[in-house]
Each structure stands twice: as C-alpha cells, then as structure tokens.
Amino acid sequence: MPEQVESSPKLNVSSEIKSPTYDLTKFHLKRILSNNSKCKSITLLGTFPDISETDAAIVVFEKNAYRESDVATEVPADQDADSSPKPSYFSTDLQVRTDFINNIYASFQCVPTQELCTVKGTVIYPATEKHIEKYSICQKYIINETPDLYESITLPYITSSQFSLDWVYNILEHKQETERIVFEDKHPENGFVLLPDLKWDGRNVETLYLLGIVRKRDIKSLRDLNASHLPLLRNLRESAKQAILERYGLNPNQLRMYFHYQPSFYHLHVHINPLRNDAPGIWCEKSHMLDTVINNLELMPDYYQRASLPFVLYEGNKLLELYDKQLEVRQVVAQELSEADEAPEAFTDDEPEEGRECKRIKLSTPQESTEAELLEMPCA
C-alpha cells in the first residue's frame, strides 16, 4: 500500500514563504489587461518602479465569493458567549444608501463591516510575455490538433518555451507550501499532492478549487497518458474524493474533476471544484473529465496518442503563429454569392400582402426547384 500522509486541517500560509520583494502599494499601472464584470475581477499590467522600471508585474483583484455564514442573522449555538460575534452583512455596522424604492421593489448600495469588504489580490512578478498573453483579452481560435500536428508543431513548441516548473517541484519536494497541502500520497508511481489552487482563497467551500499534482515528472499532459497510467488516475480520483469528503464534507458526486488541454503548465495535474462553482476553464473546448479520460484509456490503451484534441489559442500566442503558417487559422474564405443565389429581399411594411406571400414562397422553396416549377406558383 502506498504511504499516505494527511496534513494538518489548517490552511495557513506556509511559514517557509518569505516576504515578497515588492510593495503592492507602489504598483504603477501601465494598462488594464481585462475587466470581467461577470467574475467581478480586474487584471492589471504594470511595474514596481522602486525595484525595476522594466520588469512587468501582473496584479489581479477579484471580489471574494459570499459565504453562507456571513449572512447569518442568529448567533450560532456553539459560539462562546464571551467571544467576539462573527461578522455578518446584517450587523449594526452595515451602512445603507437608498437608490430607489418603488412599490415592493427597492435598490440599495450597501457597505458591510470592513472584514467582509476584503478583495483577493494575486500578483505575478516578474511576469513573462506568456503570462501577459494568458491574462489578456484577445481573439481566440479553435485548433483541432491531430497526432501529427502535435508531434510537428505543439510538442517542439512546448518543449522549448514552457513555463518553469520549479514551483511544482518545490511543492513535491516539500520546499514550499507544505502547510497548504490538503492530502498527500507519497507513492512514486501512483502518488500525488492535493492543495488549493491559487484562484481559491482557502476559506469558502462554496468556491473550493483544488489541484491534484502527480508525483511522476514524465507526464506533461493528456497526450502522454496511456493504459499504464490507469492505476495512477484511479488512485487520484478515489483518494482525492475521499480526502475532500473528510476534510470539507463535500459529496464526491458533486465534484467536477478534469484536465485542461492545453494546460497552463506541462506537469500532469487535475482540477477539482464543486459543480455549483463555475470555475474558469470548465468549458468543453478546454476541459476533459477525469472519468472520461479513464474510460477512454480502458477502451483504447493509446487513445491520446491517436485522438485529435481541440484546444483554444489566443491572439498573440506564438503557438498560434506556428499553426497559422501551416493551417491559416486566421483566414476566413468568403463565398461569393451568384445572382441566382442572392438572398430574397426582406419584407417591408409598405408592400401588399401579395408581394409578401411571393417572398415567403421563395424563402421556403428548395434550391433545386426548377424554373418551370416556380412559374406554376401563385406569385410567379
């Protein structure tokens, strides 16, 4: 049996992590990379000029998700009478400004207690061009990657230009973030480390987001998986579900477990979050369910060496440039309509019903109808 270690239930920041070299208050904005009103987040590009005028820095601010305990209106039964009350949106500290009141409807601007107004901040410094590409809003293109295209274009590119994996190895070797580890299986072939993704605040189970990072270092992505990895994938699925159930009380049947393709870093890892959390990258053009991957390998041992895998590339990505040279993915071939194929004129309010009926028939007539057949129609 693999040796398994479960860490302390606390999710504090590791004492091994040093203070940052930068002062966030001295950030100098150059431009806004994205402003997502749906996710309530904004991504900024700039510098820390007191350190370097040229090293790029990315700062992401995002509103924290609501926790159910923060809207409580009654004191929990297990709360000590002498302890400070937990913050609530409905405490006496709530400041309310009325926008309007109309019958049963009302709109207000509410400022709760300071503790509930925190904003999650993420900093990437120094940021590379690949980081800036990743966080920028731009045109996107679907690439249908065949095995041949993977070997001739994608693999050489990722081999020469991927992100550094030092931070992954620091986790696996217990050099950093040891106190953030949720669960660990130390088996060299089938083991993995489970810990919070950078996107999660580590507090609100409603928005739980974990990464399962495998110990084996020779699996870059889905493309490298084959039937020999089934014990690893099954262990990853079952052990992670059990650890999350015991740690957070989440029903395993309410978890989404999936791989990204292309991944953001090329060391195999699985993403885990609750179904009710619309996490980034869950869309069909990006994610591959762990259950489906296991099933595909059970049916065909070399499935991911033979399959065509679609993925998305962003404008400005160098890999897009390579694919565009060979496949012209940016080109749109406009089909010229002949006079006979021109679309019927739109209806107007001024024309008589007879003319409208004629257009309706033309719209509904199959293209292969002959001229003789059209002449027999009432509007010919």
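Cβ from N, Cα, C; glycine included.
Computed from a predicted structure; not experimentally measured.
Now, the feature entries from TrEMBL:
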- HIS269: active site, nucleophile (ACT_SITE)
- TRP167, GLU177, ASP197, LYS199, 260-271: substrate binding site (BINDING)
- 340-354: compositional bias 'Acidic residues' (COMPBIAS)
- 340-380: region 'Disordered' (REGION)
Report task. Any same-chain residues 6+ apart from GLN262 (substrate binding site) with CB under 8 Å of its CB? Would you list them in sequence order, or say none? Result -> THR154, ILE158, SER221, PHE311
Report summary line: Candidates HIS260, HIS269 (recorded positions); min other-Cβ count within 10 Å returns HIS260
Requested in this report: Can you check which residues sit near SER264 (substrate binding site), meaning Cβ under 8 Å from its Cβ, same chain, 6 or more apart in sequence, and list them in order?
Outcome: LYS134, PHE163
Report summary line: Rounded Cα distance, in Å, between TRP167 (substrate binding site) and HIS269 (active site, nucleophile) is 13
Requested in this report: Work out how many Å separate HIS260 (substrate binding site) and HIS269 (active site, nucleophile) at their Cα atoms, rounded off.
Outcome: 9
Report summary line: Integer Å value for the Cα distance linking ASP197 (substrate binding site) with HIS269 (active site, nucleophile) is 11
